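J.: Once you've had a glance at the structure underneath, I'll fire off some questions.
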Amino acid sequence: DTNHHLNKHDYSFYMRATIHNRFLFSLKNTFKQDNVTKPFTTFIKNNNMSSNDDFNTGFIKPRLVVKRVLAKPQHEGDGAVVRRSIGRMELKHLDPFLMLDEFSVSPPAGFPDHPHRGFETVTYMLKGSFSHQDFAGHKGIIKAGDVQWMTAGRGIIHSEMPMGEGSQTGLQLWINLSSKDKMIEPRYQELLSEDIKKAEKDLVQVRIIAGESMGVRSPVYTRTPTMYLDFTLKPGAQLQQSIPESWNSFVYIIEGEGIFGSLSSPSASAHHVLVLNSGDGLTVWNKSAAPLRFVLIGGQPLNEPVVQYGPFVMNTKAEIDQTIEDYQLSRNGFENAKYWNSQ
């Protein structure tokens, strides 16, 4: 058939590819016979075809970076500046995550009285401190290293204002709630820095805000199943972290630069969010001369419609209309709004 004629060059390439594929198929069958499931990279390492540990991810289906977005500064609240990564046009949502801000605020700027309904906010202070108070009488100070996990549920009105001189910095993550949980009563989980679980191994340190790492589990209850890990890798360190395969996950780099997912991936630096594809775990390398710090966050998708109007997140436009009316008329969870202003 002249339409399928191969010249000498094509035929030589075809034969090399065929031999290579048969070799891989033979290896695959060998692993099946031994009842062993290993990634091919592990085979290369174990058979001394390469002595470089960098090529062994340790995962059957390693997670790779499929999208990267630089968090650019924008104004929010009253004179405050945030770097928004999730919640921008380039990355509107990442189910179940609605927003991630890295905030940097100096007094008198801040986030005065404002409402929420239908999701959770997780505030993680990196430097300085914030004063928090709400219309139900809850108040406190979130200091460097502390975490406030707030379930807004059916309704919260609160203020978040910086304390002390200079820039107060941190991360705030918004996590969606399922339709059955959107109208639950508000609640708080608050962790002081010294009470957050920690682990360290082979030049890698981790603070376990939610989920598990290095065999250590956080006590935080996540209504929407979530992992939230703060890693610091010293120069030359390599990390392997398991992630439930069905979850969506991402990395946000706080400082330094690193290589995520594959050594062929370009390095990523501070203020970038890296969206990962599906898989059973992530490998990270710090090839630089400075520490690398990032958060790895993952969550079980809700697979529900998202209709958002500013600080209100529901499933339908009718529910948003009802929420706006509830807020304006101080009812169905917003009753205390009639009498309250932050001090």
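Note that Cβ sites are derived from N, Cα and C of the backbone, with glycine treated the same way.
According to TrEMBL, the protein carries these features:
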type    : residues                       : note
BINDING : HIS114, HIS116, HIS158, GLU160 : Fe cation binding site
DOMAIN  : 82-175                         : domain 'Pirin N-terminal'
DOMAIN  : 228-332                        : domain 'Pirin C-terminal'
J.: A 10 Å Cβ contact count, applied to the binding-site residues HIS114, HIS116, HIS158: which residue has the minimum?
T.: HIS114
J.: Neighbours of the Fe cation site HIS114, HIS116, HIS158, GLU160: Cβ within 8 Å of the Cβ centroid, same chain, sequence order.
T.: PHE111, ASP113, PRO115, THR121, ASP134, ILE156, ILE157, SER159, PRO311
J.: Non-local Cβ contacts of GLU160 (Fe cation binding site) (under 8 Å, 6 or more apart, same chain)?
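T.: Those within reach of GLU160 (Fe cation binding site), by Cβ under 8 Å and sequence separation of 6 or more, are GLY110, PHE111, THR123, PHE130, SER131, HIS132.
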